[in-house]
Amino acid sequence: MYFTVNEFILFGLTQDPRKQKAVFGVFLMFYLATLLGNFLIVVTIKRSRTLGSPMYFFLFYLSFTDACLSTTIAPRLIVDAISQRKTISYNECMTQVFSAHFFGCMEIFVLILMAFDRYVAICKPLRYTTIMNRHVCSVLVILGWVGSCIHSSAQIFLASRLPFCGPNVIDHYFCDLQPLLKLACMDTYVINLLVVSNSGAICTVSFIILLISYVIILYSLRNYSAEGRRKALSTCTSHFIVVVLFFGPCIFIYTRPATTFPVDKVVAVFYTIGAPLLNPLIYTLRNAEVKNAMKKLWCNKV
């Protein structure tokens with residue numbers, strides 16, 4: 001490995017001073033709301049006796065992952081919006097690449113586990129407690145962490161192969177492989193194919209698996225009563241909204257050749273900032289059990 005660039009300059013979302021102030025204010029509020037919303041869900045599920053089912057076990061890890069993913073990206077974006085010096089060291093940049101892909105991949109795995117949980121609950125209700133016991137759920141989450149570590153390690157391995165000896169301005173608000181490939185002093189065709197086969201394949205295959213699972217679930221609901229269908233559809237609709245918000249932008253970014261567009265930064269906001277912010281709202285506003293548990297726990301605390 002060799003490189004002459006020791007630090008990078010993050011271009012950010014905009015260079016307009018007025019817009020930078022707006023970016024600072026808006027995304028600071030978004031970040032604080034993300035931390036608050038996910039913190040409330042994590043603590044509520046941990047402390048509530050009524051939220052002990054596998055669905056809430058996985059929701060706990062989804063909220064934890066959302067908070068970590070947002071913390072990986074948002075603070076740098078917020079600080080750079082009001083900073084004159086928008087530099088990030090090479091090591092910090094590589095750390096951000098690893099962390100963003102680690103928690104992003106973990107979110108994908110958790111969403112798949114949540115869909116699998118709903119599939120078992122609706123399609124195999126008599127065997128649900130046997131299949132989705134706490135030991136199985138814990139093992140599945142551990143496998144998710146291991147898979148995420150393997151994925152992000154592969155990303156770091158590819159990034160570390162890139163020599164940087166020229167321009168060091170990253171046209172983005174965080175370090176990622178796509179904008180870094182543009183700065184590399186080498187032919188990046190093969191590495192880009194590896195990125196697409198890694199990140200792109202994970203996003204696309206996972207999205208297809210989730211779509212198939214929801215089709216099977218919807219087909220199975222024909223045997224349920226009207227009330228049963230309404231409750232199942234309410235839960236599955238929440239999951240599906242989260243899936244589309246997260247996977248749509250990810251597939252757009254990671255499944256194409258080594259080209260970047262001005263809209264990439266705006267699209268990336270949806271899965272790095274938007275999804276972690278909206279997930280708590282989607283799961284609480286559409287879930288009576290979570291809302292009731294929150295009222296009971298936090299009203300008693302107050």
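Glycine is treated like the rest: Cβ placed from N, Cα and C.
Remember, it's a predicted structure, so these values are computed and weren't measured experimentally.
Now, the feature entries from TrEMBL:
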- 37-283: domain 'G-protein coupled receptors family 1 profile' (DOMAIN)
- 22-43: transmembrane segment (TRANSMEM)
- 55-78: transmembrane segment (TRANSMEM)
- 98-116: transmembrane segment (TRANSMEM)
- 136-158: transmembrane segment (TRANSMEM)
- 199-221: transmembrane segment (TRANSMEM)
- 233-254: transmembrane segment (TRANSMEM)
- 266-285: transmembrane segment (TRANSMEM)
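Sequence-remote contacts of a segment are chain residues at least 6 beyond its ends whose Cβ falls under 8 Å from one of its Cβ atoms, and for the transmembrane segment (136-158) they are 54, 57-58, 61, 94, 97-99, 101-103, 105-106, 109-110, 113, 177, 191, 194-195, 198-199, 202.
At the 8 Å Cβ cutoff, the transmembrane segment (266-285) and the transmembrane segment (55-78) share at least 3 close pairs (sequence separation 6 or more) and count as touching.
Contact counts against the transmembrane segment (98-116), taken as Cβ pairs under 8 Å, peak for 55-78 among the stretches 55-78, 199-221, 233-254. For the domain 'G-protein coupled receptors family 1 profile' (37-283), the mean pLDDT of the prediction comes to 87.
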